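Q: Heads up, here are the entries from Swiss-Prot:
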- 32, 154, 158: NAD(+) binding site (BINDING)
- 154: active site, proton acceptor (ACT_SITE)
């Protein structure tokens, strides 16, 4: 069985993904701020470095998959936290364990966002993240940004993350490591429970083509099943994909975009 590392697997989508993988007999390592198998603040360079070092110590023979799921919404939290955790907390963790993935021909999956959130993304912010490696400098530039527009920076980090996957996947794939993104729809998690009123209004204004019983939001298991699959060897032909698991919302909003 495989070794699967998941960030942010204490609750929500991450916890459900971990549950599915464990039921299938895999070893799962949860990296989270609290309550994880490895406790680390992935919004800091020091926290990431510590987690990466521990993974190398525990699994010198390699790991089968890295699922970068940890993140924070844009509701009333510092902009610096949104950027450091959502973007650098994913990309730098993925880079930090690349050699472990390469040893086993593994895969990496990151959590992006669906079309509703991406519509709020600012291309200048996404470009800054994708094209400048200096995290400290970026945080300096956004230190005075009002947290009230955190949803814009949330969307921008997730857009940048999806673009990072597209840019990096050809090189990673040529070295035997697949890199993909999952773009969840509106899911019933603690993050969506704490949405700002304007965020919830925007979410509820778009009808979801696929109905999930009486529930207005998807169950985390819908996302977790897709995440567990795309991280597995059964998805060996999938690389560089941003997979929308949203009940058809992306198709509704972007019906003319075929790829």
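Backbone N, Cα and C define each Cβ position, glycine as well.
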Q: Of 32, 154, the binding-site residues given in the record, which has the fewest other CB atoms within 10 A of its CB?
A: 32
Q: How big is the NAD(+) site in terms of the longest C-alpha to C-alpha distance among 32, 154, 158, in angstrom?
A: 19
Q: Around the C-beta of residue 158 (NAD(+) binding site), how many further C-beta atoms are within 10 angstroms, looking at every protein chain?
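A: Taking all protein chains shown, residue 158 (NAD(+) binding site) has 28 Cβ neighbours within 10 Å.
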